[in-house]
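Database features (TrEMBL):
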DOMAIN    A:94-250  domain 'FAD/NAD(P)-binding'
BINDING   A:Ala103, A:Glu124, A:Leu132, A:Val168, A:Trp454, A:Gly461, A:Val462, A:Ile463  FAD binding site
BINDING   A:Gln239, A:Gly240, A:Asn241, A:Val242, A:Arg283, A:Arg284, A:Glu295, A:Gly461  NADP(+) binding site
Amino acid sequence: MDVKTGYVAGRLAFRGVLCRISGISTAAHCHAVKKHSCETVFKFSQRSLYQTSTPGQHRWFCHNSTPGQHRWFCHTATPSQHRWFCHTSTPGPHVCIVGSGPAGFYTAQHILKNHKTARVDIYEKLPVPFGLVRFGVAPDHPEVKNVINTFTNTASNERCSFLGNVTVGRDVTVAELRQAYDAVIMSYGADADKEFGIPGEDLSGVYSARAFVGWYNGLPQDKHLAPMLDTDTAVVLGQGNVALDVARILLTPLSILKITDITDHAAAALETSQVKTVYIVGRRGPLQTAFTIKELREMTKLPDCRPLLDPADFAGLEDKVKSLQRPRKRLTELLIKTAQTGGATAQEAQRLAQATKEWGLKFLRSPLEILSSEDGSRVSGIRLGVNQLEGSDSSARAVPTGETEVLSCGLVLRSIGYKSEPIDDTVPFDSQKGVIPNEAGRVTGCKGLYCSGWVRRGPTGVILTTMTDGFETGKAVVDDLTTGILQPVGGVRGQEWIQPLLQKKGIQAVTFEDWNKIDSEEMMRGEKVGKPREKILDVKEMLQVAQS
Amino acid sequence: MAASVLFPASARLLSGLRHFSRVSRAATTSLCRPQNHSLSTTARHFSQPTPRTEKAKVTVNYVMRDGSTVPVRTKVGENLLDIAIENDLDIDGFGACEGTLACSTCHLIFEQPIYDQLEEPTDEELDMLDLAFGLTDTSRLGCQVCVTKALDGLTVKVPEGVADARDV
Ligand SMILES: Cc1cc2nc3c(=O)[nH]c(=O)nc-3n(C[C@H](O)[C@H](O)[C@H](O)COP(=O)(O)OP(=O)(O)OC[C@H]3O[C@@H](n4cnc5c(N)ncnc54)[C@H](O)[C@@H]3O)c2cc1C
Ligand SMILES: NC(=O)c1ccc[n+]([C@@H]2O[C@H](COP(=O)([O-])OP(=O)(O)OC[C@H]3O[C@@H](n4cnc5c(N)ncnc54)[C@H](OP(=O)(O)O)[C@@H]3O)[C@@H](O)[C@H]2O)c1
Ligand code: FES
């Protein structure tokens with residue numbers, strides 16, 4: 001038996017000080033565990049003992065009750081894979097975070113930095129961490145994913161643990177977490193999407209941008225989406241950054257996409273895609289778009305692609321531009337310039353003229369009905385209501401004029417925002433706003449319960465916004481611990497309390513070290529095909545790699 | 001590939017490699033090219049790695065969020081993000097995208113006379129800067145500004161918040 005493996009592959013390991021159990025011959029101890037029934041060992045050593053029920057993969061966690069000196073042993077039954085761990089833990093408040101996206105990680109970072117003894121356990125429903133940084137951020141934006149390095153640093157703090165593959169609300173309840181932890185933070189993001197509620201929304205060929213993004217980014221639940229790309233015209237409804245992301249992915253040359261971490265199935269489907277024109281449709285005007293300038297500029301530079309903007313949409317804006325605030329001003333100037341020039345230089349003009357694909361913005365249009373092809377097999381177009389604006393600037397409202405028009409298309413992506421859902425009925429939820437009601441991150445009326453990220457403030461904001469938000473919630477937790485509003489309870493707490501519950505249900509929590517194995521495997525698979533990584537799409541397979 | 005698309009592609013390739021192969025920051029981020037100008041603001045995306053021959057040291061003063069001033073000695077040619085990181089300046093959330101023009105957390109505020117000496121920022125830097133919280137007329141992104149000898153004694157202010165203009 002290789003004792004070293006025990007150290008390296010440590011389940012529960014990075015959470016505390018790891019040391020070899022002295023005085024025990026590892027092989028002999030292994031025998032002892034194998035020979036004795038659980039009860040015998042329990043009595044013999046006066047330790048509590050847990051056993052998981054996954055056949056062929058028994059693991060024992062043994063923990064002695066001397067306070068402040070918890071020891072853990074873990075043993076897998078596969079002969080070559082015996083592992084022992086010893087873990088001493090110093091007492092300190094136990095904090096639980098639900099969700100391992102930017103909100104979860106930035107909240108954890110703040111707490112670990114500003115409270116010197118708090119232990120932070122991050123629960124995640126998927127076996128892999130980072131939320132939308134992995135499953136949302138576009139594959140052709142790898143630089144955005146550099147934040148993963150900061151998150152990895154946080155996870156390697158000895159007071160921080162990652163427990164992947166645990167769905168809170170199903171595998172463990174919020175009530176159980178609140179019993180086991182001194183503070184519980186909801187940062188589970190926004191997993192659903194807003195809908196229009198118009199006829200035809202469920203036709204074949206109509207997808208939510210969320211599912212489409214999940215499909216090209218390897219979200220296990222969306223791997224079978226197989227969007228219908230056998231059409232020349234696609235319409236994206238909504239004018240936010242997600243809308244530009246999906247439009248760009250539809251139009252970007254495959255030579256660029258295939259060297260990103262885009263899923264293999266998406267690359268293959270996009271290779272045979274017939275989509276040539278993408279319209280991005282908004283209910284309000286050019287001064288109310290939700291996308292930002294960096295993403296718009298990227299669209300103007302897409303190879304083999306020309307913008308289709310109607311100068312009439314921007315008529316009269318030149319004067320108005322001067323009085324706008326800098327970000328909106330620069331964005332509007334870029335829109336006007338893009339609409340007016342067929343390319344600033346002769347070379348650019350030639351590039352645009354030769355382009356085989358195009359994208360356009362349509363303003364002041366709300367979908368009223370999604371139309372079906374005659375045989376009912378798929379979408380054939382959208383009936384749009386024409387709007388006019390009431391009020392001006394960012395708060396202007398779209399009001400229907402009564403006029404309608406039809407836009408033909410064979411693919412519709414609805415991109416009008418994500419939506420959070422209640423996690424369980426013990427946690428207050430404002431279904432109107434789609435957020436957990438809170439004051440500075442403290443959930444209203446629930447001492448010890450906090451929230452951060454998209455589930456706290458709604459599904460808008462970039463990683464930076466989420467970071468600020470996470471820090472604020474982290475500060476609320478640290479303040480409450482310091483001022484004594486939260487009184488940490490002693491005894492067996494935190495993960496040590498929850499793990500046995502999970503064991504009983506046969507749930508194998510994935511540690512950060514397990515994730516590192518998945519990460520290496522993905523990068524290795526990617527290297528073979530000239531990509532930074534090839535994501536594993538199947539939860540079962542992720543778990544297999546994690547346990548290898 | 002058209003010249004206009006070289007920027008995103010090459011920048012991404014660089015940052016992709018950086019992220020996925022976990023190359024150390026120090027080895028990959030200091031691509032600022034020492035120049036003869038009083039201040040170089042060469043965006044790393046457009047510059048080629050140049051062997052640094054300049055050994056001169058200068059002082060940069062960072063005015064932190066709590067109002068304290070931290071002076072650091074640094075080599076000419078380094079950018080203001082790397083300098084902060086290498087000197088362990090404790091600025092929460094600073095440099096989230098690691099200098100790849102994708103976050104605006106490295107936002108710094110300059111004194112007007114110094115700001116006026118800086119080379120014009122690129123459109124890409126301005127695009128990101130537009131999203132910075134507390135944007136001022138003398139704001140720049142630290143990862144895009146490299147120090148030169150002429151800048152010895154320069155003072156830069158870390159803005160108070162790091163919220164994002166996309167939500168205001
Ligand atoms: C398509 C898309 C692209 C984006 N691109 C960018 C970009 O380029 N740059 C940028 O700055 N921002 C971008 N953003 C915004 C950024 O992703 C968000 O600001 C940020 O991810 C929100 O963080 P969060 O932690 O609140 O939510 P999430 O990132 O969604 O994290 C929530 C986590 O909780 C987990 N979870 C959910 N339910 C449970 C449960 N019951 N139990 C346990 N865990 C659970 C989820 O699996 C997930 O991992 C993008 C957003 C989207 C949608
Ligand atoms: N590269 C990046 O930085 C990046 C990439 C992707 C996402 N993100 C961020 O992630 C967040 C979420 O992005 P998002 O695009 O999902 O949301 P978003 O920015 O809120 O945009 C939503 C869009 O949908 C429209 N919309 C909403 N409800 C509608 C309705 N009932 N009918 C018609 N149109 C409707 C909105 O128009 P109205 O304004 O009229 O409501 C808006 O144009 C944003 O903060 C975004 O910046 C960033
Ligand atoms: S560090 Fe992200 S833009 Fe400078």
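In case you wondered, yes, glycine gets a Cβ from its N, Cα and C as well.
Here the features listed in TrEMBL are placed on the structure.
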residue: A:Ala103; record: FAD binding site; Cβ contacts under 8 Å, 6 or more apart: A:Gly131, A:Ser187, A:Gly189, A:Ser452, A:Gly453, A:Trp454, A:Val455, A:Arg456, A:Thr466, A:Asp469, A:Gly470, A:Thr473
residue: A:Leu132; record: FAD binding site; Cβ contacts under 8 Å, 6 or more apart: A:Gly101, A:Pro102, A:Gly189
residue: A:Gln239; record: NADP(+) binding site; Cβ contacts under 8 Å, 6 or more apart: A:Ile280, A:Val281, A:Gly282, A:Thr289, A:Ala290, A:Phe291, A:Leu361
residue: A:Gly240; record: NADP(+) binding site; Cβ contacts under 8 Å, 6 or more apart: A:Ala290, A:Phe291, A:Ser415, A:Ile416, A:Gly417
residue: A:Asn241; record: NADP(+) binding site; Cβ contacts under 8 Å, 6 or more apart: A:Ala290, A:Phe291, A:Thr292, A:Glu295
residue: A:Arg283; record: NADP(+) binding site; Cβ contacts under 8 Å, 6 or more apart: A:Leu364, A:Arg365, A:Ser366, A:Asn387, A:Ala398
residue: A:Gly461; record: FAD binding site; Cβ contacts under 8 Å, 6 or more apart: A:Trp454, A:Asp469
residue: A:Val462; record: FAD binding site; Cβ contacts under 8 Å, 6 or more apart: none
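The 6 Å Cβ screen around ligand 1 retains A:Glu124, A:Val242, A:Gly461, A:Val462 from the binding-site residues A:Glu124, A:Val242, A:Glu295, A:Gly461, A:Val462, ordered by sequence position.
Taking A:Val242 (NADP(+) binding site) as the reference point, none of the binding-site residues A:Glu124, A:Val168, A:Ile463 has a C-alpha atom within 10 Å of its C-alpha. Secondary structure from DSSP puts A:Trp454 (FAD binding site) in a helix. In this structure, A:Gln239 (NADP(+) binding site) belongs to neither helix nor strand by DSSP; it is coil. The Cβ neighbour count for A:Glu124 (FAD binding site), using a 10 Å radius over every protein chain in view, is 26.
Contacts of A:Ile463 (FAD binding site) defined by a Cβ separation under 8 A and a same-chain sequence distance of 6+ are given as A:Pro102, A:Val133, A:Val144, A:Val147, in order along the sequence. Proximity to chain B, defined as a C-beta distance under 8 Å, is registered for none of the binding-site residues A:Leu132, A:Gln239, A:Gly240, A:Val242, A:Arg284, A:Glu295. Among the binding-site residues A:Ala103, A:Glu124, A:Leu132, A:Val168, A:Trp454, A:Ile463, no residue has its Cβ under 6 Å from any atom of ligand 2. Secondary structure at A:Ala103 (FAD binding site), taken from DSSP and collapsed to helix, strand or coil, is helix. Cα spacing between A:Glu124 (FAD binding site) and A:Arg284 (NADP(+) binding site): 37 Å, rounded to the nearest whole number. Residues A:Ala103, A:Glu124, A:Leu132, A:Val168, A:Trp454, A:Gly461, A:Val462, A:Ile463, recorded as binding FAD, reach a greatest CA to CA spacing of 25 Å.
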